[in-house]
Amino acid sequence: MSKKLRIIFAGTPDFAARHLDALLSSGHQIVGVFTQPDRPAGRGKKLMPGPVKVLAEKHNLPVFQPVSLRPQENQQLVSDLNADVMVVVAYGLILPKAVLDMPRLGCINVHGSLLPRWRGAAPIQRSLWAGDSETGVTIMRMDVGLDTGDMLYKLACPITAEDTSATLYDKLADLGPQGLIETLQQLADGKAQPEVQDEAFVTYAEKLSKEEAQLDWSLSAAQLERCIRAFNPWPMSWMTIDEQPVKIWKASVINREAKAEPGTIIEATREGIQVATADGILNLESLQPAGKKAMSAQDLLNSRREWFTPGTRLA
């Protein structure tokens, strides 16, 4: 293989762990792993390690969990490892310029979009909601900006009409390691060809909120269907029926004129709950009332048919 690199890996969730797993079999030397501090989880709020820490400890790698990399003593942890490159994947902490400049070859990041489209925190969800036909991963050299660094490698994948954020996440988690290993080989061989991002094509993927997951019936059926897929599995699209929140797991578009005010129930059958939108009809197929598991429209109608009387306006 190419020259063996000394690598610091920084990441926290499962998406990052899949990249660390690929590095473990790449032949490069992982000299340290930075990951976020353990977080309370579950009903007992017990402190639990993230997937990257679990994998790193399984392979006896040195693990560091600073709350911030701004203090000088925490930056010294990075410096002391004398790394050739730092690989950052969904780490969750800001890297100050001093840290970015420490590795000989700099810091590189795996980002879940085809930059410069969808810089920011939620590129997978935003690409789905926008109706993009494809997305992918970009390996970039990090600088002090928000996903503004020069691009080193890009891999694309199609977005299908069935994709949710969960399925797209899995696709990109498989693509990313391929691009990362190839990029590291290019860096080691001195063959990397950085490409400056074109600012004319920049879009931003703002962090998701539970509030924007509430279905807005003034949008079209196509937009709402994409919203439902984009917000699955978090924070989940929802609506209010009889003053109770109901999450929507799956829906489809019926391309015909609603002939009713947006948010009005048109029909309720075993195939779904048909709701008028600003353009077309949204057919709700899988729903989850508060405190219940997700169920088909038919199962929900069996217990709550009074909720779905044609002519009822949904909030």
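Just so you know, glycine gets a Cβ as well, placed from its N, Cα and C.
Taken from Swiss-Prot as is:
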type    : residues                       : note
BINDING : Ser113, Leu114, Leu115, Pro116 : (6S)-5,6,7,8-tetrahydrofolate binding site
(request) Ten-angstrom check, please: count other Cβ atoms within 10 Å of the Cβ of Pro116 ((6S)-5,6,7,8-tetrahydrofolate binding site), all chains counted. (result) 20
(message) Give me the count of other Cβ atoms within 10 A of the Cβ belonging to Leu114 ((6S)-5,6,7,8-tetrahydrofolate binding site).
(response) 21
(request) Using all protein chains in view, find how many other C-beta atoms are within 10 Å of the C-beta of Leu115 ((6S)-5,6,7,8-tetrahydrofolate binding site). (result) 26
(request) Measuring CB to CB from Ser113 ((6S)-5,6,7,8-tetrahydrofolate binding site), give everything in the same chain under 8 Å that is also at least six residues away in sequence. (result) Arg119, Pro123, Ile124, Ser127, Thr135, Gly136, Val137, Thr138, Ala205
